[in-house]
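**Q** One structure coming up, written as C-alpha cells, with questions to follow.
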Amino acid sequence: MNTLDEIERAVKDTAHYVSGNLANYANRAAGENPSGEQQVGGDVWADDLFFDALAYIDGIGAYASEERSDVVDCGEGYSIAIDPLDGSSNLASNNSVGTIIGVYDAELPAAGREMVASLMVLYGPYTTLTIARSDRDVVQEHLLRDGHSERWGQFELPAEATVVGLAGKTGERSDAFNDIAQSFERDLKLRYGGATVADLAQVLEYGGLFGYPVTSGYPNGKLRVHFESAPLAYLVEAAGGASSDGSQSLLDVEPDGIHDRTPTFLGNAELVDELEAALSET
C-alpha cells in the first residue's frame, strides 16, 4: 500500500465517523478561523480528527488546514491541504456539508499543478467519497456506509449542462458578472445551497457551472486556493470539465500564502469559456 492508498483509507475511515456524529455539533459556536470567518464546533472537531488520521502517515510531510493559521510540519513527503468541514454553517439547518482535501507533491504554498490527488467527501442523505489521483485514469466515487466502502462508479462530466449555482448577492457583484449570470440562469436550473461540496456534486452529476466571483465583500473571491479551489479544480478537470479564476485554470493560480483566496468557477468547459469571454470584455 503506497502513501496515496493510505491517505484514501484514512479519509474513508474518518469520514465514516464524522458522518455518524455531525448532529452533536449542529449548534456549537467556536470563534473565528484564520480567515476571519465564524467557526462552529464541528470545524475544530473535524480538523482534529483528520489531523490525527493523516499527519502521522509515513510519507506525509505537512498538514495545512483552513482551521489552522500555519502549516504543521510532519516530516518528509506529500503536503495535505484540507477544509475539514466545508459548509459547516449548514449544520444548524440540517443541510449537506463536506470535506475537501488536496494532496500536493510540494511544499506549501504551491500551485494546483503540484497536486497528485484530490478527495471530496459529501455528507448528505448518504455519504460519498469522490477521488481523483494521478495514478488513476478515472475519477472514482465510493459509497461510505456501515463502516465499509463500496465503489459506486466513476465520474465524467455530462456533455449537456443543466444546472448552475453562482454565489454572491446581485448588488455586491460586478455588472459584467451579473449579466453573464442572468444569461446562465435563464437557461439552466438553479442549484445553490451554500456548501461548495454539495453544489459541486450537482455539477458533477448533472453538468453545469458552479462559481464564487469577486464581490464587494470578498474582492479576491471567497474560496481559498489550497483548501477549496485548487483541489476541486483538480477533480473537475480530471472528470473532463474545466476550472477558472476568471482568466486561467485554477490549477495555474500561484498563491503567496496558505490562506490566499481566489475567484472560483468549476464546470463544463463551454460554460467556463463563455464566462471568461464575458469577463474579459470589462
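Here the Cβ of each residue, glycine as well, is placed from N, Cα and C on the backbone.
According to Swiss-Prot, the protein has these features:
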type: BINDING; residues: E66, D83, L85; note: Mg(2+) 1 binding site
type: BINDING; residues: D83, D86, E228; note: Mg(2+) 2 binding site
type: BINDING; residues: D86, G87, S88, S89, Y192, K222; note: substrate binding site
**Q** Other than D83, D86, E228, which residues of the chain come within 8 Å of the Mg(2+) 2 site, judged by Cβ distance to the Cβ centroid of those residues?
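**A** Other same-chain residues near the Mg(2+) 2 site: E66, G87, G98, T99, I100, T196, V197, L223, R224, F227, P231, L232.
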**Q** Reported as an integer number of Å, what is the Cα distance between E66 (Mg(2+) 1 binding site) and S88 (substrate binding site)?
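**A** Just about 12 Å between their Cα atoms.
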**Q** Could you tell me which of these binding-site residues, S88, S89, has the fewest other Cβ atoms within 10 Å of its Cβ?
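**A** Result for the binding-site residues S88, S89: minimum number of other Cβ atoms within 10 Å at S89.
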**Q** List the residues in the vicinity of the Mg(2+) 1 site, defined as same-chain residues other than E66, D83, L85 with C-beta within 8 angstroms of the site's C-beta centre.
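**A** Same chain, not in E66, D83, L85, Cβ within 8 Å: D43, A46, D47, S65, E67, I82, P84, D86, S88, T99, I100, F227, E228.
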**Q** Could you say whether, by DSSP, K222 (substrate binding site) belongs to a helix, a strand or a coil region?
**A** coil
**Q** For substrate, with binders D86, G87, S88, S89, Y192, K222, what's the maximum Cα separation in whole Å?
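**A** Between the outermost Cα atoms of D86, G87, S88, S89, Y192, K222, the distance is 15 Å.
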**Q** Let me make sure I understand the structure: which of the binding-site residues listed (E66, D83, D86, E228) has the fewest other Cβ atoms within 10 A of its Cβ?
**A** E66
**Q** By Cβ count within 10 Å, point out the most packed of the binding-site residues listed: L85, Y192.
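**A** Of the binding-site residues L85, Y192, the most buried by Cβ count within 10 Å is L85.
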**Q** Three-state secondary structure of D86 (Mg(2+) 2 binding site) from DSSP?
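**A** In three-state terms, D86 (Mg(2+) 2 binding site) counts as strand.
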**Q** Among the binding-site residues S89, Y192, K222, whose Cα is within 10 A of the Cα of D83 (Mg(2+) 1 binding site)?
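**A** Final answer: none.
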